[in-house]
Amino acid sequence: MFQPGIPASGGAPTGLQAQNGAPPASGSVYTNGPVQNTLMSSQVPVSQEYNSQFPGSYPHLIPAKTLNPSLGQSNYGGSQTVYPPLSNYQGSGQTLSRPPVASNPPTLHSGPVPQIPPPTSQNPAATPMPSGSYLPGGAGVPPPLNWQFNYSSTGSQTNHSLSVSSQATLAGNTNFTPSRQYASSGEPSSQNNFIKPGSEPLVNPPLPTILQPGAPPGPPPTGRPSPVRALTPQKLSHRPMPPPSFNSATNQEGITSNTNNGSMMTHNSYDEIEGGGFLATPQFTTKNPTMSRNVGYSYPSLPPGYENTAPPGTAGVPPPMNYPSGPQPFTQTPLGANHLTASMSGLSLHPECLRVTNLLQDRNMLPPTPLQPPVPNLHEDLQKLNCNPELFRCTLTSIPQTQALLNKAKLPLGLLLHPFKDLTQLPVVTSSTIVRCRACRTYINPFVSFLDQRRWKCNLCYRVNDVPEEFMYNPLTRVYGEPHRRPEVQNATVEFMAPSEYMLRPPQPPVYLFVFDVSHNAVETGYLNSVCQSLFDNLDLLPGNTRTKIGFITFDSTIHFYSLQEGLSQPQMLIVSDIEDVFIPMPENLLVNLNESKELVQDLLKTLPQMFSKTLETQSALGPALQAAFKLMSPTGGRMSVFQTQLPTLGIGALKPREEPNQRSSAKDIHLTPSTDFYKKLALDCSGQQVAVDLFLLSGQYSDLASLGCISRYSAGSVYYYPSYHHQHNPLQVQKLQKELQRYLTRKIGFEAVMRIRCTKGLSIHTFHGNFFVRSTDLLSLPNVNPDAGYAVQMSVEENLTDTQLVSFQSALLYTSSKGERRIRVHTLCLPVVSTLNEVFLGADVQAISGLLANMAVDRSVTASLSDARDALVNAVIDSLSAFRSSVLSNQQPGLMVPFSLRLFPLFVLALLKQKSFQTGTNARLDERIFAMCQVKNQPLVYLMLTTHPNLYRVDNLSDEGALNINDRMIPQPPILQLSVEKLSRDGAFLMDAGSALMLWIGKNCGQNFISQVLGVQSHALIPQTMTNLPVLDTPESARMTAFISWLREQRPFFPVLHVIKDESPMRTIFLQNLVEDRTESALSYYEFLLHVQQQVNK
């Protein structure tokens, strides 16, 4: 009965603004911000009617299709064979950029694992947990005809896809060619969403040499188990495919793929619409990577607050790059290839970057201001066009020329993305033509080369393409013959409106289904009051339009549906007690139009908390309730929000307690892997039907998040965890839930999304991290995409880059907005290629490296053990610093010598070892550890680093000196301190920002002025033990403190609660645990860790 499926997403801050046109929330609207140009802002009226060329709206039996995550792939629920075009086919399992090179996969471990000498009570723990490098299984990859393949089984493969018999994958691709004017994305027009069979664009007609063989499905590839104690990228081996057939192939649904050049093409999958990954065609491309292009376009608009400004006098910090915040005038002289080459070779790095530091002598390397990402060593005309690193950044800003050079550096190569981040300004293109490379399907971007007005060279595969006639006219300047000045070529971040002829089905309406646990345990927590009240308050702010649908299911030992049919005087409850074979009663009245049934919905939200107040039912049939919810939503797709308060005990998916508190640190007894595959299989079914599941776990007892979390992980949903939630005993959690629910309900959302990442010829992507499911090699399926989700990928150098000076990476996210528009958000990043080990180290991005290593370590914890993951993290530091010492340093000096770019690497790895995901000792409850691992895999880098290495500020002496002025509000900017008790003093007050919590420590001898003017009490002794909010006082000190805390909270999608801590407070222990430079009973101090690393490096 189930068909393959996909899931949804989570919550965010109120100060942010979103692009989907969500209604205004309490004064601040989620919009794209100020319009940059009148021509780009032609407002398109929102159609209130459902306008589609397809008959009917959503019959219950329509076979729903599955999005594939890159810019357009769909999967049918049934099993079938699809024949994709060879020109863009991607096999399942990895991004097959080039034939596998017989080089060692990049590994972060060399030799045996040196153990850290444990302090007195160190118990490294080992365990498995739901993994996160989600590599697809499936068919092998037909090689392009003129390549010779040596399939080598290098590395190991972890295939996280499930072989469900009903699951099928459609692969293939075609061109995108929309046609419209430029508009800013204020109010989107209501468009048909899924790409429908349409005519093949005449722009860049297909070449007659492109063949389109069939690709019958095969079993998932197999590989060796991953070696223990090394964070090794997982690779897939492929089997050769049968010879191509040259007929058009018809799938079981009767959709034909036509191979005639330039003729009508019927799209039967999102992969066809978005286009395949890199180098899917036979190579008739030029191999000359020398960039000859006109340079001088502007950098795309950036979100406010992205100011890379270092305070004057910051020692040892290179001056940051300035990113302009809007379209800039075209004033630079065009750069030819010769000019560019000369300028590249003559660039000098910042003197600080060339420094070598002895960490044993100079440990205090933490800058007093937030650490800025390194600036790539590019010509300034290229750099000012580059993508904002908050959206797209690489672990190495100088790409090694060969895999051998990368292996020698012992540093991981990968990308970290925040593709759907809220942006205040976003160029939105509704042009008549979306220009893409004919060979690799790359979107035209600022880093392509214009050979002349009529030809451009792709910066990923170097294919020369024709400039379409429509692209010659620039609607911004109203000038003909300036294709290089179009917004698509002036902005590294841009959003395209995809036209209706590219829709596979009518646009999905926004559908929101809420599933509530109403057992006795759930009612006791009182969560229903908070959730129903938040939903009631934000009902009008749910992203959507006149087609928005909503529904409710509650469950204990039975499942309760609610008929909200228009015309009823009150909601009707329908109870299904047969949980072994769940069915949907009256399916047409359970998901209703929100506008038409709003009063009934409001009545239900008012009465729901009281309906079960006297219940004595203690059982929880979560599995059957999820099955029922899936059946209800599968015809349309949408977002399922599930609230659970205990371990499921009845029906399919029932779980048993696995945690033994006394053995939390035992390597053999931590259960990080799921105890059942039910939740993963159901997530895949959801994913196939465009359903994402968000899980809210509000429990004081063990609930096996390792198993339950799979429902969100593989359906592109999010997990929210509120341990020990209780409406009376834990008011902080109540406040946190209310704030995060407001963000969750009102932030923008993308439905039916797919994402693909492309990279320059010679590079390949082999492992993905995040919440999604990979359906065809490199296409990430995201039934919902939200602005608070981050992703990471690992890469390798498959082919030497000796002939090129620059490489580029491009992510493309195809999604349906809540207004029913199909949109494509594209980010492009350009980086230089280097040939020496020294240059590789100079361009290392230590935060991105740490973030990628954390993702890899979560996978290692699951596939091997927690202790293996910890050892591999330590080895990552030892190996890279050993490589630097042996290969770069000319004279071997005593001490621990590190390049300036990696000066914080040991500190960040030590912080990871003490983070809840990887720490040892019995303090971490199992569900809390699993949730921390979920956060590592799903959080954007900036939040991950904050929870790993918190920021510590002294706040009893805040002043306006150096303060930020935001909307006429002065925000103090105190310096960041080292995380050591040495930096605390009893006569001060210190605020620790640990991401999800703010801790204000008040010293015993703190000044009376601060205590009275900020805390509103007369003495230190009168500060309440459980103080969680600062009073609003009419004093300058209170105003500064309130402004600073509010500003910190506005910067993130989750709500950090505030704890005011004194020496005798219960939270004091947690505060001290976050001082990562100090020794704890089970972990080394920073200095001890440096001594250990030095001992291993100098062996």
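Each position is counted from 1, following the chain as shown.
Placement of Cβ uses the backbone N, Cα and C atoms for every residue, glycine included.
The region 'Disordered' feature in TrEMBL is assigned to 1-36, 72-140, 171-252, 308-333. The compositional bias 'Polar residues' annotation in TrEMBL covers 72-97, 171-194. Annotation comment: TrEMBL describes 203-224 as compositional bias 'Pro residues'. Marked as domain 'Zinc finger Sec23/Sec24-type' by TrEMBL: 434-470. Taken from TrEMBL, the feature domain 'Sec23/Sec24 trunk' covers 507-745. Among the features that TrEMBL reports, domain 'Sec23/Sec24 beta-sandwich' is placed at 750-834. Residues or ranges marked as domain 'Sec23/Sec24 helical' in TrEMBL: 845-945.
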With DSSP, how much of the domain 'Sec23/Sec24 beta-sandwich' (750-834) is helix, how much strand and how much coil, in residues?
0 helix, 57 strand, 28 coil
Is it the case that the domain 'Sec23/Sec24 trunk' (507-745) and the domain 'Sec23/Sec24 helical' (845-945) have 3 or more CB pairs under 8 Å, with pairs at least 6 apart in sequence?
yes
When the pLDDT values for the domain 'Sec23/Sec24 trunk' (507-745) are averaged, what is the result?
91
Within the domain 'Zinc finger Sec23/Sec24-type' (434-470), residues counted as helix, strand or coil by DSSP:
2 helix, 12 strand, 23 coil
Using DSSP, break the domain 'Sec23/Sec24 helical' (845-945) down into helix, strand and coil residues and give each count.
71 helix, 3 strand, 27 coil
